[in-house]
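Engineer: This is the structure, below, for whatever I ask next.
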Amino acid sequence: MSSAPKLFRVIGGAQNYDWGKLGSTSAVARFAKLNDPENVSIEEEKPYAELWMGTHPSVPTVSAQDRTPLRDLVRAAPEEMLGQDIIDKFGSKEGIPFLFKVLSIRKVLSIQAHPDKALARQLHASDPKHYPDDNHKPEMAVAITDFEAFCGFKPLAEIDALLQKIPEFRELVGDDVVAEFHSGIDSSDVAGKKKLLQKVFSRVMNSPESKFEPLAARLVERTKSDPQLFGETLADLIQRLDAQFPNDIGLFCGCLLLNHCILKSGEAMFLEAKDPHAYISGDIMECMAASDNVIRAGFTPKFKDVEVLVDCLTYSFNPVEEQKLKPAPFPRGTGVAELKLYDPPIDEFSVLQTTFTSAGAEKFEGLDGPSLLIVTEGKGKIKLQGSDEALDASTGNIFFVAPKAAIELVSESKDTFTSYRAFCEA
């Protein structure tokens, strides 16, 4: 007899980092309140940054019925909650291999990258205080409102144009490296071009405050006196981020070196290990491998590991459109809903968006691993196929779905009913 339920509601944990949206402007706060109204009261002056769903011990997700941590339920019945194939593949009976989050961003997050598995093992062994585990941390973001981020380095010709026309950028990098970069970027030697980009980034990141702070102040002034030099979008971006982090190195290493990526609701981007990125504003669903390893560079008062960062990045340089992850169809559901699968090229997770705009049902085959589903808009029902017991599924509600459990989502009106389901399969 199976003891663990195959479908049940859970409650995630909210994080109040300073960069979060304030009070009820935050999707995190609204979802947390709607899912647990008796225990959550929104403080309007307080930032609500992240809502965590998973088995990470830092911020427990608990059963809505009796507040038992999901991690404890998994550890008590790993074969039923994870599936033997997932246990074998990831080598753990302790938890779900991914962490699913809602993020509501008011202020820019630190420019950062995450190590791959080999580097994570090395960093964790040498500096466990700053690198708490030995796992990699690929991430995917799906916008649920208009969202902007830095992601990956700009194409080299764009960086070269900025170095040529913005005196403060040129002075920070140095005429010698600027000239070498300018003459080398048309080469067919990709590895050589990556080395040149690394030189530029290293000069920026290793410049002392006494050098970059006055240059940053001049840079901001130039965006006001000569905005057409930058273009309206970039000038505005530099001014907005300077207001949040005055004279920060991120104005150079973020605004002038990284792609400014703007996503509409439903658009996604995948961030591979060792790619620099930073979220700027908006609300997203984020899914990642279950790790806490971060190598930071700018827009942060926290520990910056410049040497590791400069050494580890891939230095890929691609147009901003190539940073986006296009959704694919999902053939394992039948019914009236629109299904979009966000399936990055890694093992730990995929995310399925299900949207109803009419009354009706969508039936899903059982998946070969655990999943977590959150309703982000509207309301409907969720149930196991063949069961008479349907659970209310409304905005903010989160559900755990066990491996092989075939579920059904039901919309009872023409109002939009949207959910996101993160899952992992062997």
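Cβ coordinates are placed from backbone N, Cα and C, and glycine is handled just like the others.
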Engineer: Name the one residue among Glu94, Glu139, Glu307 that Swiss-Prot lists for the same Zn(2+) site as Gln112, His114, His277.
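Structural biologist: For the Zn(2+) site that includes Gln112, His114, His277, Swiss-Prot also lists Glu139.
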Engineer: Can you name the residues of this chain that are 6 or more positions from Arg296 (active site) yet have a C-beta less than 8 Å from its C-beta?
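Structural biologist: Listed in sequence order: Ser110, Ile111, Gln112, Lys302, Phe303, Lys304, Asp305, Leu309.
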Engineer: Give me the count of other Cβ atoms within 10 A of the Cβ belonging to His277 (Zn(2+) binding site).
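Structural biologist: A 10 Å sphere around the Cβ of His277 (Zn(2+) binding site) contains 24 other Cβ atoms.
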Engineer: What other residues of the same chain, not counting Gln112, His114, Glu139, His277, have a CB atom within 8 A of the CB centroid of the Zn(2+) site?
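Structural biologist: So the additional residues around the site are Ala113, Lys137, Leu271, Asp275, Pro276, Val294.
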Engineer: Which number gives the other C-beta atoms within 10 angstroms of the C-beta of Glu139 (Zn(2+) binding site), all protein chains shown included?
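Structural biologist: Its Cβ shell of radius 10 Å holds 23 other Cβ atoms.
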